Amino acid sequence: MSQQGYVAAPPYSQAQPGMGGYQGGFGTGPAQPLYGHYGGPPQAFTTPPAGMLKSPASSAAGMPPPPVSSQYSPNVQQNGAHPQSGYEYVMKVLKDSQCLSDNITIPTECCCVLSVAHQPFQTPPPPAMGQPQMLPGSQSLNMSPQMSSSQSPQASMSMTSPQMPGPPMAGVGRPFPGPPPPGPGGFQQPGPPGYPQQAGKSDPFGGHMAGPQPGMPGAFPGAPGSLAGPPQKKLDPDSIPSITQVIEDDQAKQGGQVLTTNIRGQVPPLVTTDFTVQDQGNASPRFIRCTTYCLPCTADLGKQCQVPLASIIKPFASLPKNETPLYVVSHGDTGPIRCNRCKAYMCPYMRFIDGGRRYQCGFCSCVNEVPVFYFQHLDHMGRRVDLYERPELSLGSYEFVATLDYCKNNKPPNPPAYIFMIDVSYNNIKSGLVKLICEELKTLLEKLPRYTQEDARQCSTRSVGFVTYNKVLHFYNVKSALAQPQMMVVSDTAEMFVPLLDGFLVNYQDSRAVIYNLLDQIPDMFADTNESETIFAPVIQAGVEAFKAAECSGKLFIFHSSMPTAEAPGKLKNRDDKKLVNTEKEKILFQPQKGVYEQLSKDCVAQGCCVDLFLFPSQYVDLATMADVPSHTGGSIYKYSNFQVETDGEHFLRDLRKDVQKSIGFDAVMRVRTSTGFRATDFFGAIHMNNTTDIEMAAVDCDKAVTVEFKHDDTLNEENGAFLQCALLYTTINGQRRLRIHNLSLNCSSQLLELYKSCETDSLINFFAKSAYRAILNQPLKNVREILVNQTAHMLACYRKNCASPSAASQLILPDAMKVFPVYMNSLMKTAPMLGSTELSTDDRAHQRLSVMAMGVEDTQLLLYPRLLPLHNMDVSSDILPAPVRCSEERLTDCGMFLLENGHSMFLWLGQAIPPDLIQSIFNVPSLCALPELDNVLSKKVRSIISGLLDKRPNSMKLQIVRQKDKPEMLFRQFLVEDKGLYSGASYMDFLCYVHREIRQLLT
């Protein structure tokens, strides 16, 4: 049996009719659908002969892609990250006969056997690992699995135990049966129909579950980790699903390949896999990813499985150089063509009829007249003759030039502006921060975005303005005609206004000399300041007023160091009360203070004013409130605690450079439309919602994602599938109003197995992280953790009950597409916002909560499962990164050197027995505080790897060097997410056993 991939080789290499849930039989489907065309009826899909694959159709260079059907065939095997989705991972958990206590439910000896144990004679033996599932009515294969000693009936003892009060993160859903009420914050409180009622459960989130007793190693939060008694036998970690292995397998299978998006409900490769996308009618997974690519046909089916239906949309996602930028379509004064009823924009899902004179909307089925200028004849297949000449008819993503009807006051917008606002209070002057910022701005202003990717020839004017502040605000007139910049002071912060209109926002190119003069003077002007009090809300208000006066949108870059305590609107008080941690009132710590900042957010969004906040605190600053405006305007929040120019300067400047140069759209409104049967109901992100449908963002950049949850409002049709369209109206850097459209088609099924096969774990955990982080604003952490565990158990229990082959109760069966979901879920519950620990900084917890709310799928994946790279034994001559190892202490070696990164933190870990020559090659000195540039191959290779990772991630990461057994190593260990948490939280293995027991309780 392969320990690497957890899947034994399937016993049947040839296609079997009716197996695996595929209509045309089990086996790999064709890589490209060669059946039907846009607008044509779907044609039957026939299975290729056993053992053969149909090669994808190739087209000559420059030729349009092969014709494809607008009724994307639902019967093609998904060419996704989960090719063997019909298989399942079976974990057999064996319990040693020697129990420490009747109540301990996690076994004292666990063994995960990745094959099926011998069954009692009443039930047929289940298929071997890797064999497709038997569906009702499908051909059954009688196979008797070979048995090892560990699989013998005697060894296969079930894990049963009486109930006992359990840990704070445990909990089973409400009493069964009966449909669950929707939980707050995007949470469904578990309770799919069909499970028997459990005794002893009464409270809405369920009572405490049985769990490891205090004193059990790896106990859940709140339990000590020491245990008197015989030493525990360790489980082989290689026998449980591994994220690094899943990532490696997917890269080996699909890395370097071209993904053509002409198949409905196609599961894309993992976010960690390198692949190229060719748009042929569905948006690239870089723009939209889904929790499942096959929706359940009915709401009841959705409630039963409890898999959330959601999309993570990153409308401005960066595309690699080898992929085509979005085409821009202009229909002149007429504007984009839309359905008269539902207002969906023209896309590949519209069906042309009546000789091309009318079209039927794919979203609401309304029949619309085709405008005269847009008319085109249909060919013998019912497709428009100009299909491949029009991006909106043949591609999944494209842009329309918007008309004046889409502009405020029916006037074309002005190009956006940038205002730099620098806190010149005592702390920032003395630390050298103000001087550092002023020096950097001289070169950075040259790199401000000047044009959009699509029209590089158009150069826009870049308007910039400068403000400094402490208790009062200083505005600067930097008009090009002046020899010296002029300062104007506004001390009345209650009624904020901009003291000058002409000369504040200027064209950078024209006023470059005056601006350089100002940047040289600012550090000297305030060198002797003793002012330590600052204001904050009036600073943002000043920026909004400046944009109003200039009638433009734009971005504020605010560099701030302390809590605003000066008398002014938005003055804050210290409310960091550690006594609230682990109480019902802990949620208050995450809630922003209402009033001034809430209104400020609305004003910013209305004006298209995005706020990026760079914080340099030395103590608590109430980040939950200060970051409220950035987190509702599409802005970013950066935090550098106890900032020192020597050690943190480069880290901060990397963030600033990345931030300034991001591709971005301003004054944006997004709407997600769906075909009949389901609709968008909930939205998560750095967004503002004035109503239930329009997602408003003062700006949206290439790293910001919006997670959208869907709910049924009718029955979906398997044949027609489901469509969604994301339309983003925004202003480009040049001041042009545009509409960016992303379309995606999904499958629908009344078979739960199809839904589980099409799940994407990385997207699921993005949704759960955002749901949980929103829920902690309104609910105690304990309840939120319970809901997460419950829903995990319910999803997996539903799979076992409805999709898996009969098997012994002692086996944990995981759907292939979700086999590493428990790792991510356990990691999520060990993140700072989810841990009730007084040792964690309240600001740090609030910062992570707000950062995650705007993250895309790849960012949450990396945050919840960091990369751990061994550097001591890598091939220095290879360009390939060393293969990551699992995030566990067991993977570290005393003589090793490991690099760990999660997109926000980076550590270089050195074992205590690391060879001296290795240290010499990397550091050249006994002290290990920084990484010098040395002229040897190992040093160059290590620095090249670190530099490559820093370039790839949206944020900069400060490299921290830690030695084994040194005190700072504790920081590093909290990122080893498969181990027991530093503050609390279970190990991966304990959590898996715990979830397994929850599943068994649900099924009994």
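Note that Cβ sites are derived from N, Cα and C of the backbone, with glycine treated the same way.
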Listed range which TrEMBL flags as region 'Disordered', given the options 41-81, 656-696
41-81
Grab the same-chain neighbours of the domain 'Zinc finger Sec23/Sec24-type' (336-374) for me: Cβ-Cβ under 8 Å, and only residues 6 or more beyond its ends, written as numbers and ranges.
38-39, 70, 281, 329, 382-384, 392-396, 400, 402, 673-676, 723, 725, 727, 739, 741, 743, 745
On the DSSP side of things, how many residues of the domain 'Zinc finger Sec23/Sec24-type' (336-374) fall into helix, strand and coil, could you say?
6 helix, 11 strand, 22 coil
What are the helix, strand and coil residue counts for the domain 'Gelsolin-like' (880-931) according to DSSP?
10 helix, 11 strand, 31 coil
